[in-house]
Amino acid sequence: MVVPYPVHSEPERPLMATQHSRAAARLMISPAVLLLLGWMLIPLCMTLYFSFLRYNLLMPGMEEFTGWMNYRFFLTDPAFMDALVNTLLLVGGVLLITTVGGTLLALLLDQPFWGQGIVRIMVIAPFFVMPTVSALVWKNMFMNPVNGLFGHLFQSLGLQPYDFLSQAPLASIIFIVSWQWLPFATLILLTAFQSLDQEQLEAAEMDGAPALARFWYIMLPHLARAITVVVLIQTIFLLSIFAEILVTTGGGPGTASTNLTYLIYMQSLLQFDVGMGSAGGVVAIILANIVAIFLMRMIGKNLDA
Amino acid sequence: MGRIQLEKVTKSFGEVNVIPPLDLEINDGEFVVFVGPSGCGKSTLLRLIAGLEDVTSGKIEIDGTNATELAPAQRGLAMVFQSYALYPHMSVRKNIAFPMKMAKVPQDEQKRRIDAAAKALNLTDYLDRRPGQLSGGQRQRVAIGRAIVREPQAFLFDEPLSNLDAALRVGMRLEIMELHERLATTMIYVTHDQVEAMTMADKIVVLRAGHIEQVGSPLELYHNPRNEFVAGFIGSPKMNLLKGDTARQHGAATVGVRPEHIAVSTTEGLWQGKVNVAEHLGSDTFLHVNDHGLGSEPLTVRVDGELPVKHGDTIFMTPDTSKMHRFDDEGLRL
C-alpha cells in the first residue's frame, strides 16, 4: 500500500517585507549594472556601427554607409587567412607548451627540496615582468644575432648565429609568450598537486602502479579541472596578444607573425581605416566566441563537480 | 602463506626514534590487532610492514623471504586506508579493477573476480557509480573489494572504521570478521578503539611509544595484564587503579579492580562512597563514585541495570579480591 505523502501548505510568510527589500536591492544595484552595461554596450554598438561605414581618417567628413563592403574587404584580404592561422598557432602553441611544461614543472616543485620557498617565488617571477619589457629583453639580449646571448653561444660553438625573429618569427613569439605564461600555469597546477590526497598515491603504490602509471591514472585526472582553468583563462588572454608582436617583429616579415589583433591594429591605425578596423574587430569577436564554444564543448565538463 | 616476522625493526624520523627495536611474529591466518593510544606508533608499524615507510634497521620477513627492501606492490599485501583512498574519477568497477589492471590480469579473469567481490560485498548494484555517490559504508566496502581481488597474502587495515557512525561501525566490524572467517587470510588491523580490538582479534598487540607492552589473546590480556598500562587500556570501562593503604594491605604498590568485579550494595560493604554520575545503559549501569576515601580518582563500578541509584546516593562496595590485579613499583604485575 502506498502511504500518501502528507502535503503541507506553505507557511504564511511576511511577503510584503521581502518584496520591498528586493525592490530596494534592485534599485540600489541598478547604477552599477547600468554602468557596466554602458561600458560594454556603447563601444560594441559603435564598433558595429562603424563597421558598416566607409570611414577613413585620411578622408574626414566623407563617411557614408557601405553595407557589408568592409567585411568583404577584410575577409578577402590575403593577410586575413594568414592572421587567422597565426592566431590559432600562437594560441595552440603557447597552450601546449605551458600546460605540458607547467605540469612537469609543478610536479618538480611539489617535491620537497632545500630552498623550496625561494625557488617557487623565482619561478613565478616572469609573470610580473611587463610583456613589452620581457619581449624587448628577449629580442635584444637573447635573440639578436649580433649582440644576443644566443648569437654569442652559437659563435662560441663555431656556428652561424641564427636570426630567430626573422627566420622563425612566429615560433620565437610563441616561445617568448610561453615563457611569460609558464609561471601562471605552474602556479595553478602546483596548488592542484598539493590538494591531491597522499593516501590515494600510496594506495596506488600498494596496488602495484609504478611512478608513470600513478602519474597517468591518479595525478592527471586529479589535475583535469586545474588544466581546464589554465586553458580557458590563457585562451582569453592569448587571443589578444599584441605587445610582444609590436615590439619584436612588427607582424613581419610580411605577415609571418601577424595575428588578428595585430591585423586590426594595422588596418585601423596604420592605414587610418576605422571602418575596416571595426569590421575586423567584429570578426575577431565572432571567432573568439567560436573558439570559446569549442573549448567548452571539449573540456567544459571537467568543471562540473 | 601469510606469515610475517619482524626482527629488531626500528624506525626513526630524523632524530625522533618512533619505534625502538621490536620483534613480532604473526602467524598465517591470524587476525592481529595493533592497539594503543594515538601516537604510539601503531600506524607507523603497519606502514613499515606495508613498505610505505622504509625501516631504519632490522628485517621484515614475509613467508620466509626477506621483504625488507621490497617495493610495497611486491610484498603481496593489500591495504585498506583510513580515508579509503578510492580513486574519485574512476567508477567502483574501475577502482576494484585497478590493481588487477596494474598486474595485467586477463580481462575475463578480472571480470570474474570483480563480480565475485561485488557479490560478496553487496556492491553489485553500485559498480558503475563513482565513489562520491556512495555512502561511507559502501566506500569502505569498495576499499575492501579493491584489496580482496588482489588475493593478497595478508590484509592491512589502518583504522578503517573510524570514519563511520557507531551503528555502521558495528555492522562493518562483523563483516570484516566474517570475511576473515571465509578467506582465512592473515589480517593486521590497527585501531585505537580497544572494543574493536577485543571483539575482532585472535591476537592483540598493545603498543605504547613504539614498545610492545603485551601480546596475547583478548581474554589473556583481560585476565592477565602484564603491567598497569595494559590493565588500564584493555577493558571498558577502565580498571580502577588504587594506590596507598589499600594497595599496601594487599602487598603491592598498586592494585587494580575492574568495575565489573566490585559488588555493590545500598546497605553494607567494605568501601563507602557517593554516586556522582550514573550512566544507564539499560542492561548495565556504570556508576562513577566519589568521596570513597581511597584516592582522588573517582571509582567506576558496574551494577545491574535494575538497581535504582542516582546522583548523590550513598552506596557500599566490596571488591572481589580473587580477581584483583597487583602491580609493583614499576607497574609490573606481581
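Along the chain as shown, residues are numbered 1 onward.
Here the Cβ of each residue, glycine as well, is placed from N, Cα and C on the backbone.
Among the features that TrEMBL reports, domain 'ABC transmembrane type-1' is placed at A:84-295.
With a cut-off of 8 Å between Cβ atoms, the residues of this chain six or more beyond the transmembrane segment (A:32-52) that come close are 65-68, 70-71, 274-275, 277-279, 281-282. According to TrEMBL, the feature transmembrane segment maps to A:32-52 (among others).
Per TrEMBL, the feature transmembrane segment maps to A:83-109 (among others).
Under the heading transmembrane segment, TrEMBL lists A:121-138 (among others).
Look at TrEMBL and you will find A:170-193 (among others) tagged as transmembrane segment. Same-chain residues lying 6+ beyond the ends of the transmembrane segment (A:170-193) with a Cβ under 8 Å from its Cβ atoms: 86, 89-90, 93-94, 97-99, 101-103, 105-107, 109-110, 120, 123-127, 129, 131, 134-135, 138, 143, 164, 219, 222-223, 225-227, 229-230, 233-234, 237-238, 241, 244-245, 248-249, 256-257.
Marked as transmembrane segment by TrEMBL: A:223-243 (among others).
Look at TrEMBL and you will find A:274-296 (among others) tagged as transmembrane segment. Same-chain residues lying 6 or more positions outside the transmembrane segment (A:274-296) and placing a CB less than 8 Å from one of its CB atoms are 47-57, 66, 70-71, 73-75, 84, 87, 91, 231-232, 235, 239, 260-261, 263-265, 267-268.
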